[in-house]
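*Asks:* Quick one: the structure is below, questions incoming.
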Amino acid sequence: MNAETRSWVAIGDLMDIPREGARVVKTATGCIAVFRTVDDEVYALDDRCPHKGGPLSQGIVHGTSVTCPLHNWVFDLATGLAKGADEGSARTTAARIENGKVLLAADDLARRTG
Amino acid sequence: MKKQKLVIVGNGMAPGRMLEYLFEKDRHAYDITIFNAEPRVNYNRLMLSPVLSGERTYEDIITHGDDWYAEHGVTLHKSAKVSEIDRAAKTVTSETGVTASYDRLVIATGSNPFIIPLPGKDLDGVLTYRDLDDVGKMLDAAKRGGRAIVIGGGLLGLEAAAGLKMQGMEVTVLHLMPTLMERQLDPAAGYLLQEEFERRGIEVRTKANSHEIVDDGTGKVKGIRLDDGTQIEASVVVMAVGIRPSTELAKAISLDVGRGILVGDDMRTSDADIFALGECVEHRGICYGLVAPLYEMAEVIADNLLNGTSEYTGSVTATKLKVTGVDLYSAGDFSEGEDREEIVLRDAAAGVYKRLVLKDNRIVGAVLYGETSDGPWFFDLLKKRSDVAEMRDTLIFGQAYQGGTPLDPTAAVAALPDDAEICGCNGVCKGKIVNAISEKGLTSLDDVRAHTKASASCGSCTGLVEQLMQVTLGDAYNPAAVTPMCGCTHLGHSDVRRLIKSRELKTIPSVMQELEWTSSGGCAKCRPALNYYLVSDWPDEYADDYQSRYINERVHANIQKDGTYSVVPRMWGGMTSSTELRAIADVVDKFNIPAVKCTGGQRIDMLGISKEDLPAVWADLGKAGFVSGQAYAKGLRTVKTCVGSDWCRFGTQDSTGLGIRIEKFMWGSWTPAKLKLAVSGCPRNCAEATCKDIGVICVDSGYEIHFAGAAGLDIKGTEVLGLVKTEDEALEHIVALTQMYREQGHYLERIYKWARRVGSDEIRTRIMEDADQRKLYFDRFVFSQKFAQVDPWSERVSGKDKHEFRPMAVLQAEAAE
């Protein structure tokens, strides 16, 4: 599916998220961490580390990775996959920016079951 | 057969090139008419910057002069902006009343500069940078002198800034993003570029958001005001923030238009007889602003005009900044990704930075700064998707280094004569280093530094010294003896700290650039360490980077396993009161705090508080006089005390009072690792001062100062620093010791490990025996406290970092469906 035909949900302004930081979006099926990289790209992952449930939104963002604040697992923001020796993944939600607004893909949001 | 008619709207570089291709194939296929809104022939728009800077003239940059049009039988209407196209009748009419009919039409209307809708955008003196008229206006402005502000730190903006500077104006560049040319460059290269511009006397302000252009009262530009209130005076404002495809004409005749005029791979618009070309085009979702793709489109159209079946399938683009003396080249896609690898070469002294991004052994992106001669070669490999596995090891060195035998880097050093200078800072020659290594049996870099001073100052000759050690010691030399800080650098903590000071590095990006970090953004290990080193070394100049701090220090509470936080207010010296306890009890009730516990540091911990509640909890605690206990900080935590001479029948001194005094003096300070103190009123040591980072045992004759204890992973009793007579002296010694540790400790290295590394005797000598040195340490600590002693809780109650404590959005179930 391409960006034109997909429908998107606006969650706020890009400027609401600190660069190299994250904000939380609450949904009925759990929290989503929305990350902003130093290059102003946005990515969204479930705000739950697959290891011990740590809130990834609270981690340090470096490059296109985030390090979980509880036990330092490192995740690739684009794929949600753990890097290095650790194995696991955090579910991704497609995110993009349009006119300074951060948008999440509605179909990804709908697929979440908690 | 009658000749077909071709009409072209627009006379930029793309249609110019298209005609060249067309004429190469068939000079006589069409009768050609061009409508040009500009009053000129075709010129090379890429060369506007040299015209602005005065290095070229307009005549130099003409591509097709009047003769060319005559020779090729092309009718060119200058200053003839097209006002109407009739698709049914197949005619084009200009504002000047000229009508031409067509069989095939090419729309090449280019793009318009984007004007930021700021208040004051229409004032006299607000310019854009797009065509020769703009250059003329800028040159006129430059003759009047004064300051020019360029909004936009991209390709065009920087070229405009450099040109205006060369014309003698003062120039300020305002850029919204944190680094220049962020679309083409990664942050490291953007940083180098900024440095180069600043060296040329051009002021660069990044993260600068313009608020309004200020009127001087007569409708002319007086300056700019930024969002943060800063006002900059200027007589000219140049907007160079980007371009928008010019699509009005296409829209007016109901062609399909997205951001640009939509075309298929054959470059036809939604009307099969109408092609679109150049910057006005949107192809497969992309609008191009660089010349190379436009030329590729031009070639496709030329073929298809002759009934060919060429297809344009999109381009990868390469950029070169056209500012004399700045070598910059970027191509392709250089974002990071799991499946991508990068090769980075940094040579800080030479100002060279090269980065290649590889995917499946193929180059997908390249950024070159300082030395760009291999740019086209890399770009060629990129475009051809060549497999680079064979030459990967030497790839980054460029084309000249492929194919030969790899050089042995030590051969060059081995060939140097004994009197060759290795370390310029300390004047150490090769012979001296080699002798020291063999005579004294030195095996580590630190040893060589200690004995010869070689590479002990700026460190730039470290590589040479290491090669000398390799040549002299052979296999006995193990360069890995220094543990690197993290995977992003080969340097250890000591080297990084030394170089931050000696090279006066004051930002994280500058450290990463100058010290040749191998990752582009650091990692969760080095970023907090660098942030601490910079806070510690440049307390008044460095802006703390919260995004490089661990979450606890970012939100000033301790994260727990379930993602909630715990809150520990400061209880000075472990003393409290009924009012304080009542306030805590009220907070616990009000916020349903599930657990309350006494800590080992004589204070009260409230556990299980949700992040969103933190500011409200702090607000209530603040009203009762509490400040943050910094129980989360790599900084001063607690000063434990016993009740001392106030109450205890054995107490020799006012240990409680001294503990409170120390805590009030030192709270808020950042240290390499957490710092816990204690003051006991007598040698019975009820405050357990002899296993603390720093402890005091009060005795009749004064105060015995202890340090380097441990009671965590390791258990270790303290060592005695010395005995002092008065409270004032005790405070001065403790503070000086702390400052020495702050300046020398490695990040996360507790005092006992630091003491083991540098030697307890060394510390004792500096603090106890050298009064001048001690005073200097003390003064530096006091200076840094001016910037550190701010209660972070009350700051956040007042609204600082409020984004940290609120969700960005709350999506209802239906919104997600």
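Including glycine, each Cβ sits where the backbone N, Cα and C put it.
Per TrEMBL, [4Fe-4S] cluster binding site is recorded for B:Cys642, B:Cys648, B:Cys682, B:Cys686. The siroheme binding site annotation in TrEMBL covers B:Cys686. The domain 'NADH-rubredoxin oxidoreductase C-terminal' annotation in TrEMBL covers B:318-385. Taken from TrEMBL, the feature domain 'BFD-like [2Fe-2S]-binding' applies to B:422-470, B:485-534. Taken from TrEMBL, the feature domain 'Nitrite/Sulfite reductase ferredoxin-like' covers B:560-623.
Let's see these features in context: how buried, what's close, how far.
*Replies:* DSSP gives B:Cys648 ([4Fe-4S] cluster binding site) a coil state; it is part of no helix or strand. The Cβ of B:Cys648 ([4Fe-4S] cluster binding site) has B:Cys642, B:Gly681, B:Cys682 as same-chain neighbours under 8 Å, each 6 or more residues away in sequence.
A coil conformation is recorded for B:Cys686 ([4Fe-4S] cluster binding site) in the three-state DSSP classification, outside any helix or strand.
For the domain 'BFD-like [2Fe-2S]-binding' (B:422-470), the model gives a mean pLDDT of 77.
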*Asks:* Rank the binding-site residues B:Cys642, B:Cys686 by the number of other Cβ atoms within 10 Å of each Cβ and report the first-ranked residue.
*Replies:* B:Cys642
*Asks:* Within the domain 'NADH-rubredoxin oxidoreductase C-terminal' (B:318-385), count helix residues (DSSP H, G, I), strand residues (E, B) and coil residues, in that order.
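*Replies:* Going by DSSP assignments, the domain 'NADH-rubredoxin oxidoreductase C-terminal' (B:318-385) contains 9 helix, 34 strand, 25 coil.
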*Asks:* Work out the three-state DSSP category of B:Cys642 ([4Fe-4S] cluster binding site).
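*Replies:* Coil, per DSSP.
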*Asks:* Using the Cβ center of B:Cys642, B:Cys648, B:Cys682, B:Cys686 as the [4Fe-4S] cluster site position, which other residues in that chain lie within 8 Å, going by their Cβ?
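*Replies:* For the [4Fe-4S] cluster site, the extra neighbours are B:Val643, B:Gly644, B:Phe650, B:Gly651, B:Ser655, B:Ser680, B:Gly681, B:Arg684, B:Asn685, B:Ala687.
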